[in-house]
Amino acid sequence: MSNLSSKLFRGNLVIRIAIGLVLGVLLAFISPEWAKSVGVLGQFFVKSLRAIAPILVFVLVLSAIANKEVGTDAKLKPILVMYVLGTFLAALTAVVFSFIFPTRLELVSSPGDLTPPQGIGEIIKTVVFNLVDNPLQALANANFIGILAWAIGLGIPLRYAAPSTKIFLNDLSEAVSYVVKMVISVAPIGVFGLVAETIATNGMNAFIGYARLLGVLLGAMMTVIFVLDPILVYWKIRRNPYPLTFICLRESGLTAFFTRSSAANIPVNMNLAKRLGVRDEIASVAIPLGATINMAGAAITVTVLTLAAAYTQGIYPDFMTALLLSIVASICACGASGVSGGSLLLIPLACSLFNIPNDIAAQVIGVGFIIGVIQDSAETALNSSTDVLFTTAVSQAEDRKES
């Protein structure tokens, strides 16, 4: 028992998380009531991550830009290209899987208090309005687009500030990073609570009726994770991409799978990027930006569920129409973080391409909520792990050129 306690509280973080995961599963099967009770540990962990993430991003970006080194802008451009390309290829992969495995839905009612966006213009409007949000509201509401805008806006003039100001900002950044390390250190306990509550509440039989739909979704996501993303990484680093891919999956994807929040996983990704040698001035901008626009998982969800809705209505789109859907899904996915409800609420917008009525599209959202425990977890794991994967790959490629 003392050996187990040592591993759980002082050992390697990944091993500790794995132990917490296994213990959570066991508790859910042994005593579901107790498992639901310990769910508060998981809720506390997620709330802690969400609480620290906005101030972490603001302080780190502000400090990084104020102390910015020459050449950072050149490194951000290829990272943005990777984000956009990865999201589009993910949507295209979802189209291919949906064509090979066409899926019909058992439609149910969706929650009545949800209001999906009415068009791409509304999504763009949301993003632009978030960009000029009040800085205090942006921090309070975890509006990362607004936080980035204010941090960059203040950071640029602070590059000309006195050295003492830059030292203060750097010290403040170190202090926030220390708090983040403290929060991450309790990740095994948080994962234990999240897993125990999830399995005790939903059970393993809740997803059988939607096994085919989940199979298409997860198959597309796995293809992106283990085939397309490594190809993109190899394009940058020109060596075996899988060691880096597996590190990012193990240390970022696993946590994101259970927190189901890209924003909450930002501190985890920042910590991992630092250990992988990514400079702070790169990671502090690229990682939060990735949590906002790098949405491969969301693009897959929107594409698969939209095509499933089309098949259910007897609509069989040709490949060019599906290609257009991929482009629309990619654009929509980039705005998913700016829409309450995430990728599921963007489905009616994509369904409008096929003239699918809004009431049918709303029922597709209901299906999304049924499978959401698995779908949202896998989607977030893909989204968040590729943030740090692409950032690290570009950083290593640029460092190799400079050496």
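Numbering starts at 1 and runs along the chain as displayed.
Glycine too: its Cβ is placed from the backbone N, Cα and C atoms.
As given in Swiss-Prot:
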type     : residues : note
TRANSMEM : 11-31    : transmembrane segment
TRANSMEM : 51-71    : transmembrane segment
TRANSMEM : 81-101   : transmembrane segment
TRANSMEM : 138-158  : transmembrane segment
TRANSMEM : 175-195  : transmembrane segment
TRANSMEM : 213-233  : transmembrane segment
TRANSMEM : 285-305  : transmembrane segment
TRANSMEM : 319-339  : transmembrane segment
Taking 11-31, 51-71, 138-158, 175-195 as candidates, which has the most Cβ pairs under 8 Å with the transmembrane segment (285-305)?
138-158
So, does the transmembrane segment (11-31) come close enough to the transmembrane segment (81-101) to give 3+ Cβ pairs below 8 Å, pairs being at least 6 apart in sequence?
no
Do any residues of this chain, six or more beyond the ends of the transmembrane segment (213-233), have a C-beta under 8 angstroms from a C-beta of it, and if so which?
82, 85-86, 89-90, 93-94, 96-98, 101, 103, 105, 207, 241-242, 244-245, 249, 253, 296-297, 300-301, 304-305, 308, 367, 371, 374-375, 378-379, 382, 385-386, 389-390, 393
Taking a Cβ cut-off under 8 Å, which residues six or more beyond the ends of the transmembrane segment (138-158) line up next to it in the same chain?
50, 53-55, 57-58, 61-66, 68, 127, 130-132, 165-166, 169, 263, 266, 285, 288-289, 291-292, 337-338
